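Database features, via TrEMBL:
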- 73-94: transmembrane segment (TRANSMEM)
- 127-147: transmembrane segment (TRANSMEM)
- 154-173: transmembrane segment (TRANSMEM)
- 185-207: transmembrane segment (TRANSMEM)
- 249-271: transmembrane segment (TRANSMEM)
- 278-298: transmembrane segment (TRANSMEM)
- 310-333: transmembrane segment (TRANSMEM)
């Protein structure tokens with residue numbers, strides 16, 4: 001049997017679409033309304049909702065009531081943002097359905113259920129939203145099977161298609177009824193092995209072809225791996241013992257490896273003077289999930305180390321979110337729609 005070598009090819013700079021320059025917010029929305037095919041819109045835009053949603057979740061977990069108020073404001077802001085993005089996506093699919101077949105954007109359709117999982121709450125409408133997110137998570141997994149069968153070039157970005165499984169499992173813990181918890185465990189069982197399979201392939205690529213990878217991609221495993229730990233802890237809330245935190249601790253250790261590895265890789269490139277376009281919004285969600293896992297461990301174990309570490313990570317996450325929001329507002333003001341989000 002012939003062996004197949006999986007090589008992770010670094011993301012090549014794509015030919016930039018012509019950026020539309022406008023001088024005001026009014027002209028920005030005018031451009032949106034005058035673009036019937038919405039060619040500027042891609043599933044990557046849902047990373048904005050992912051980052052805002054995970055920030056709202058982490059901020060609301062902090063002890064002071066003012067943080068809960070801020071988290072609630074961010075939550076409703078994310079609901080409005082996600083609704084707008086879904087409308088744009090549906091309009092694009094209705095006007096230009098062929099966009100789904102563009103292989104370069106297939107993996108990022110997993111960002112849709114990931115964003116939806118951040119706005120699930122305990123209520124009838126939240127339950128319906130969770131069911132829709134679960135259905136889309138299974139569809140994203142089928143996209144993963146499609147890409148694997150078609151032998152597309154492997155990259156760690158394929159985690160976008162697997163991460164929704166664990167994310168929906170974690171979101172299902174907020175509903176806490178029997179069918180939801182059962183399905184959440186099924187989702188976790190499907191997502192966890194596939195996540196680590198992709199990580200094994202990623203490590204194989206790093207070892208065999210160290211020159212053919214993007215350092216910023218090493219932060220991405222924090223998202224799906226951290227979601228596995230969060231789901232394992234959240235789904236065990238009905239248990240009174242601390243045994244449910246054991247798996248979370250092991251997953252937290254795995255997240256520490258990827259966090260350190262990603263930080264060292266990015267720092268190395270920066271010290272060497274390398275010029276790269278860092279995907280800021282793609283970093284917010286993984287770091288946010290790692291922060292959520294740290295805070296959950298602090299609550300379950302009652303140890304100050306995880307509590308203070310979680311607070312520090314929330315501060316880092318909030319600063320990173322502010323930087324990305326500032327860049328987003330600057331892009332919207334100047335009209336550089338096609339170059340956003342980074």
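Just so you know, the numbers here start at 1 and follow the chain as drawn.
A Cβ is built for glycine as well, from the same backbone N, Cα and C atoms used for every other residue.
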Distal contacts, the transmembrane segment (154-173) - CB-CB under 8 A, six or more residues away: 6-9, 11, 107-111, 113-114, 117-118, 120, 130, 133-134, 136-138, 140-141, 143-144, 147, 180-181, 183-185, 187-188, 190-192, 194-195, 198-199, 201-202, 205, 217-218, 220-221, 223-224, 227-228, 230-231, 234-235, 237
Folded-back contacts onto the transmembrane segment (278-298), same chain, C-beta under 8 angstroms, at least six residues removed: 44, 47-48, 50-51, 54-55, 57-58, 61-62, 114, 216, 219-223, 226-227, 229-230, 233-234, 245, 248-249, 251-252, 255, 259, 266, 304-307, 309-310, 313-314, 316-317, 320-321, 323-324, 327, 341-342
